[in-house]
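Enquirer: Dumping what TrEMBL says about this protein:
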| type | residues | note |
| --- | --- | --- |
| REGION | 608-628 | region 'Disordered' |
| TRANSMEM | 28-47 | transmembrane segment |
| TRANSMEM | 67-86 | transmembrane segment |
| TRANSMEM | 98-121 | transmembrane segment |
| TRANSMEM | 142-163 | transmembrane segment |
| TRANSMEM | 175-195 | transmembrane segment |
| TRANSMEM | 207-225 | transmembrane segment |
| TRANSMEM | 253-272 | transmembrane segment |
| TRANSMEM | 293-316 | transmembrane segment |
| TRANSMEM | 399-418 | transmembrane segment |
| TRANSMEM | 430-452 | transmembrane segment |
| TRANSMEM | 458-478 | transmembrane segment |
| TRANSMEM | 531-552 | transmembrane segment |
Amino acid sequence: VSVSLSLILSSRPLTSFAINMHFTTPDYVIFALLLVASTCIGLFYALSGGRQRTTQEFLLADRSMSCLPVSLSLLATFQSAVAILGAPSEIYTYGTQYWFLGVSYFLGLLIPAHVFIPVFYRLRLTSAYEYLELRFNKTVRIMGTVTFIFQMVIYMGVVLYAPALALNAVTGFDLWGAVLAMGLVCTLYTTLGGLKAVIWTDVFQTIVMFAGQLAVIIVGAHQAGGMGEVWRKAMNGSRIASLDLNPDPTERHTFWTLGVGGVFLMLALYGVNQAQVQRYLSSRTEREAVMSCYVVFPCQQVVLCLGCLMGLVMYARYGEESPVYRQAIPHFSSCLQMVLYFVMDVFRDLPGLPGLFVACLFSGALSTISSAFNSLATVTMEDLIKPFCPAMTEAKATLLSKGLALAYGLVCLTMAYVASLMGSVLQAAFSIFGMVGGPLLGLFCLGMFFPWANSTGAIVGLVAGLAMAFWIGIGNFVSRMAVPTPLLPIINATTMPLRGNMTTAVMTTLITSITAKPKPTGVQALYNLSYLWYSAHNSTTVVIVGLIVSLLTGPMKEKDLTPGTVYPVLGNLLFFLPERYREKLCCVTPLSHKVALRSIHYQHAAVPDGSGEQRRCPTQRGGENREG
């Protein structure tokens with residue numbers, strides 16, 4: 001299959017730059033091997049071990065995973081195809097300021113390792129939203145679960161469709177053939193092999209992603225004259241950015257937005273997102289889960305460096321002095337197409353390498369949507385079905401979990417089709433993913449760090465946070481759509497969207513032109529808030545509103561808290577206060593003392609007593625009878 005570059009540009013013909021880009025037999029073979037290998041991993045785990053006969057094995061890999069595969073799976077889960085293409089386009093267009101996002105990885109992974117993982121792991125949860133019922137009540141749990149399902153269903157279809165569309169535009173690779181192949185293969189191995197298959201395919205796909213990006217950097221740098229020449233051209237083109245300490249929160253990328261705002265973005269992804277929490281809970285021990293966070297830190301830095309280097313190599317090839325930059329690049333209808341054109345141009349005389357990069361690209365898509373299928377099946381089973389069907393047998397629960405994974409795979413394909421009809425609304429769909437992440441982070445922080453927060457405060461706080469998120473997000477989208485601007489890069493769908501997106505896993509969009517504009521004021525300034533502050537802003541809204549409502553409606557007392565659901569951060573910070581004051585603030589009992597009872601609580605809460613009623617957990621304290 002071959003297609004001229006002019007097919008993906010505007011109607012103005014660029015015949016002098018029309019390059020026939022095509023896939024050869026080796027390219028298709030490498031791409032097919034990715035699909036076959038992923039399917040074989042799923043079949044292997046479907047036919048080996050316990051053969052996925054229990055929900056513990058299907059949803060949590062029997063809690064038997066070691067540190068290395070879990071860490072690579074954590075890395076791959078939100079390293080989507082859009083992420084692989086987004087970082088280079090960001091560096092190509094704006095320079096290396098984005099590289100400072102790596103600063104946020106320190107706290108963004110350290111806090112989950114030493115705060116969220118101990119709480120979740122010691123409670124022996126399956127779904128992160130079980131925590132919300134233990135800490136608040138069933139209503140809060142269901143609200144959190146439904147919010148997460150809405151977030152992931154919207155996201156997984158477009159994250160599959162967008163790279164397939166760009167690949168089709170640049171290479172002529174069959175659009176729906178790619179979508180169906182990815183969707184069906186992913187559904188197959190997720191349904192058959194469970195979480196264990198998902199994690200080990202993530203490991204394989206991570207290796208493929210690294211190989212594809214390294215190939216582009218090595219070959220591209222060689223063609224540009226070496227990395228020294230690449231760096232020289234980037235310096236001459238002002239693409240090597242210095243440290244920007246501007247505190248203005250409306251500035252898209254500064255040290256503060258990247259290094260501080262990025263921490264909240266990372267916490268929303270690596271702290272409370274079910275897809276990641278599920279991997280922590282699949283670890284053999286709490287120590288292995290904590291170590292997986294430490295191991296993923298250097299891996300994230302490597303991924304960030306590869307994306308940035310790829311963008312610099314692309315700039316060295318298509319800098320301002322390049323005729324391609326002046327005549328072709330400005331007319332791309334998508335920056336995904338721009339990066340793909342660069343890759344195909346670099347590899348045009350090297351059969352097999354285009355196929356390797358396409359395998360790299362769709363490895364990102366596979367790892368993201370397989371994690372979505374598995375996590376959605378988990379929360380649907382554990383949060384929406386099991387609590388209302390306590391007498392369900394293990395065999396039926398396992399079969400239903402597999403059916404849910406299959407159903408969500410079909411939903412993903414349906415959403416990919418819907419994405420094809422969305423047009424300009426597609427970016428708004430990506431933004432929804434980020435809009436929801438911040439409020440969910442705030443909900444967990446409210447419960448985990450503030451012992452006096454009650455269920456009423458949690459519900460009102462979550463609603464307020466979501467309302468604030470959608471108000472700012474939609475206002476930002478509408479205000480930018482009202483002013484036509486050049487189409488610019490799409491950024492990392494996992495941790496790096498443009499200023500219009502609040503995501504953790506999001507694509508980016510149109511940006512203001514290079515010319516200086518008046519500083520926005522009033523509500524417009526809120527709409528222009530850097531996307532990296534969105535998670536911080538929306539999660540803070542949930543916490544503040546939740547605390548105010550809790551104090552007005554009667555704060556919870558420590559004796560009414562379920563053991564192990566509060567991390568004693570306030571107790572540690574206020575150590576200098578007398579104990580009687582700390583007791584009034586619910587800051588006395590350390591986590592280790594509470595968690596000593598957590599396994600008994602988990603095992604005995606909500607156990608049928610033979611009459612169809614729920615038996616009270618013997619470890620619960622206070623006058624409220626909570627169902628586990």
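Backbone N, Cα and C atoms are what each Cβ position is placed from, and that goes for glycine too.
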Enquirer: Against which stretches of its own chain does the transmembrane segment (430-452) lie, if we need a Cβ under 8 Å and a gap of at least six residues from its ends?
Expert: 115-116, 119, 128, 131-132, 135-136, 140, 144, 147-148, 150-152, 154-155, 158, 264-265, 267-269, 271-273, 458, 461-462, 465-466, 468-470, 473, 477, 493, 497, 500-507, 531, 534-543, 546-547, 550-551, 555-558, 561, 565-567, 569-570, 585-587
Enquirer: Cβ under 8 Å, sequence separation of at least 6 from the ends of the transmembrane segment (207-225): give me the contacting residues as numbers and ranges.
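Expert: The answer is 34, 76, 79, 84, 233, 302, 306-307, 309-310, 313-314, 316-317, 342-343, 346-347, 350, 353, 356-357, 359-361, 363-364.
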Enquirer: In terms of Cβ proximity under 8 Å, which residues at least six beyond the ends of the transmembrane segment (142-163) contact it?
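Expert: For the transmembrane segment (142-163), the list is 80-82, 85, 127, 129, 132, 179, 182-183, 274-275, 336, 361-362, 364-365, 368-369, 372-373, 375-376, 379-380, 383-384, 408, 411-420, 422, 426, 429-430, 432-433, 436-437, 439-440, 443, 459, 462, 466, 490, 493, 505, 507.
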Enquirer: Which residues of the chain, 6 or more past the ends of the transmembrane segment (253-272), have a CB below 8 A from one of its CBs?
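Expert: Tertiary neighbours of the transmembrane segment (253-272) are 74, 78, 94, 97-98, 100-101, 103-105, 107-109, 111-112, 115-116, 128, 243-247, 293, 296, 437-438, 440-441, 444, 494-495, 503-505, 530, 532-533, 535-536, 539.
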Enquirer: Looking at the stretches 28-47, 98-121, 293-316, 531-552, which one shares the most CB pairs under 8 Å with the transmembrane segment (175-195)?
Expert: 28-47
